[in-house]
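Lifted from TrEMBL, the feature list:
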DOMAIN    306-511  domain 'TM7S3/TM198-like'
SIGNAL    1-34  signal peptide
TRANSMEM  303-320  transmembrane segment
TRANSMEM  327-347  transmembrane segment
TRANSMEM  353-374  transmembrane segment
TRANSMEM  381-402  transmembrane segment
TRANSMEM  414-434  transmembrane segment
TRANSMEM  446-471  transmembrane segment
TRANSMEM  491-512  transmembrane segment
Amino acid sequence: MNRLVVELMEASKIMSRCIFWPTLLFAFSTFVQAQVENQVTFFPGAFQNVNISQNESVQAVVSRIPSEVTFITLQFHSQHRNATLSYTRIPAVGLSLTAADAGLLSALEPGQTSLSLFLSSPTGDSVVGAGVTLTYGSSDPVPGACNLEFNLNVDPNIYILYNLYETTIRFAPANVGSERGQTPPACDETTGSDTRWRLQYDIYQHFLPENDLSERSLFSGFQAVADVRGLMASGRRVVTLKSTDKTMMAFNSIPGQGVIYSVIVRDPMLNTSASYVPVHTYACSFTSTLDACQTLGRISTKILFTITGLAGLLVCFFGHRFFKSELFCMGFSFVSFFFFVLITRTTQLDYDIRLTVSAVVGVVGGVLLVMSWWRFGSVMACVVVVGLMLGFLVASIVLFTPLGDLDVFRNSDVVFWVTFCSIMLVVPLVFVRWPREGNITTCGVVGAYAVVLAVNAYIYTSLSYITLNILKRFLNNRFSAMFTDVPFQTIDYVMITVWVVLGVGGIVLQLYRERSRPFFPPSPYLMWQQERERRKTNILDPSHHVPSLSSRLLEQVRQLTRRREPAGEHTPLLL
């Protein structure tokens, strides 16, 4: 009996071992598998999609690093969610960076062939993005190695800020390269040719497809401009800064338009270069409940510009024929624009209130322009106002071109506004010699552009910035220092074609229809005066014996106040 008990105990021990070891092995394999799932291997120059799950960190591993590589940059990009990129598994101040476009630079030690960095979500939410590693040699300049402003010791990142008017980028100065294990040259001890002061910075921008807020287009853009070669091929160099210049640049904000900014630091002595971590912006918020990127454009703006587009279409083809309607539209546009500038600079009213008040004042301005022509009959005075509208648009077009980004205009507001006003005032001079042709030309060009603005209220087009850049310069004193580049893509060329076709069609149609008519319709008030004088002098005209309107009105008033005589006979009868 005891022997049986012993055998049963030994059998139970064997069974427990058979159950325990497989369970332990399964748990260990699950742990290893979880570690592998939270580890991403990067290969130099190849983009890797990364999904950071909730409350976890992802280890980014770079292995088999060649011996000639002296430093590596790892950059990670997401569309609008922040991610934390850190040197350690637990992020710490000075050893990590949290941003939608984050990057770290790691200097390699002698004999080092692998590298590990860590990605995590600062808010605990899932983050989807793409990352890439870039390798550089000892002769390449080191981006952000002379950082004295930001938290990281070596900071290859570009920091971006935007508002309605401007988008500003800042970055830390770079240093010249050095071998592994060597102490890098001092940043500010000397300014000789063997120091960082020989470096130059090329600032690039790359426009994403218009009206496309998808992650696919964003990541495709980053793949195109991540390294030096791709950035030079796909980006547009805006300006080159010297080491003595401030490492900061301002651009025109384009809400809803994706733009990638990047910087290439060049060493002209060694003919080498390196890229900072690119950064992107849409100049709008993906999480805002009002005017988010997906719902840009207020209802009030859409209503106003829809009405403006319809009025512009009528003015384009029938403006000269219906002269009073044309004067009202031109006066409305002229007065409402400048009144909006006035109340925006002097008050803190809400946008919808400012737009409504400007529209009401614009109506008053349009009525006053029509009444001035009706009362005084001065066609030239009204046509000069119409000519100023065309001059304003022509001056805006001229300074919308790359001519407007010349240093002489960016450095001096006086030069800009003198040039603008000169162009604006020259155009109405043509109207003195050819008033009818000038008026019809204004109807065609300005009316067709109003249609373009109406389309822009629903579909973004860069042509709206022809006048919007002028409005921003009126409203923002610092706008002169900004680069006003905008993308020109398929929709913009389509809208240019629409503008030209409508404008030329309206001008030709009105010139043909008005060729046998008087140059301008007569003033109603002057016609009334002439008719009144004719009635006074022509006694054969039956209307000559009709009292004037004022006399008739006065007689009606007298009858109301005159005592009424009683009915019946009051005189004595003659016998």
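For all residues, glycine too, the Cβ spot is worked out from N, Cα and C.
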Checking distant contacts: for the transmembrane segment (303-320), what same-chain residues at least six beyond its ends satisfy Cβ-Cβ under 8 A? 326, 329, 333, 355, 359, 436, 439-440, 442-444, 446-451, 453-457, 502-503, 505-506, 509-510, 514
Any contact, the transmembrane segment (327-347) to the transmembrane segment (414-434), with at least 3 Cβ pairs under 8 A: no
Contact set, same chain, for the transmembrane segment (353-374): CB under 8 Å, 6 or more residues outside the stretch: 300-301, 304, 323-324, 327-337, 339-340, 343-344, 347, 381-382, 385, 523-525
Mean predicted confidence [pLDDT] for the domain 'TM7S3/TM198-like' (306-511): 87
